[in-house]
Amino acid sequence: MNTILFIEASPRGKASASRSVSDTLAARLTDLYPSAKLIRRNLAAEHLPHLDDTTLRAISTKDADEAERLKEAARQSDQLIDELLESDLLVIATPMWNFGIPSALKAWIDLVVRPGRTFQYADSGVLGLAKDKKAILVLASGGVFTSGPWRPWDFVEPYLRQILGFIGIVDVQTVRAEGMNIPDLAIGAVPRANKAVEELAL
Ligand SMILES: Cc1cc2nc3c(=O)[nH]c(=O)nc-3n(C[C@H](O)[C@H](O)[C@H](O)COP(=O)(O)O)c2cc1C
């Protein structure tokens, strides 16, 4: 394990359940792989841009001259993709917001899911290019989504697994701090998730 990339989306600092569990995971990974490089990208502080017309052209053109002319506009996407491709393990720590992911995380996804860099179309269908990586999802939610009536409302884990699979990351484990808005569950949610971190296959 050489490089571990954490993508963290909650803006809630020390109050954040997903960040607290991701801290536990970072500590465990540091114990297991003391020489690994840990990158922690705080999306709440970074404000990645939404894709605009110029950036879209810069990251999708097949014309070498146009790509050269627009290379500045592609730079952030290039850097984020390089960082992802160089990592052996990707950790995405995120809250559920309105049953999906925060737009800060979607902005990161829009910058790294890019034809020719992280996926390509082939005769056999789509080929993910971000291969030989594992991922861990650390998810926090106010309600409970692993069972019960709200399960179909979870557009976080199914979406993240689908989009990661699309770029070639299929070895994905999940840890959840759920029920954060349900007092009886909230109290034990982070300790339970921290225990689940101890049980992850790393
Ligand atoms: C803007 C916003 C939207 C939310 N939407 C949902 C939701 O759709 N479903 C849910 O179960 N919890 C929802 N919550 C609760 C959060 O998922 C919960 O507080 C969680 O702990 C947030 O993660 P964090 O502690 O890492 O910030 C929402 C919270 C906020 C602030």
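Keep in mind that glycine also has a Cβ here, set from the backbone N, Cα and C atoms.
What TrEMBL lists as FMN binding site is S10, S16, A17, S18, M96, W97, N98, F99. Taken residue by residue with DSSP, M96 (FMN binding site) is part of neither helix nor strand, so it is coil.
Look at TrEMBL and you will find 3-199 tagged as domain 'Flavodoxin-like fold'.
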CB within-chain contacts under 8 A for M96 (FMN binding site), separation at least 6: L139, A140, S141, G142, G143, F145, D154, V156
Model confidence over the domain 'Flavodoxin-like fold' (3-199), averaged pLDDT: 97
Spatial neighbours, same chain, of F99 (FMN binding site) - Cβ under 8 Å, 6+ residues apart: W153, D154, F155, V156
Local Cβ density at W97 (FMN binding site) - other Cβ atoms counted within 10 Å: 16
Cβ atoms near S18 (FMN binding site) (within 10 Å, other residues, all chains): 27
Site diameter for FMN, Å, by largest Cα distance between S10, S16, A17, S18, M96, W97, N98, F99: 17
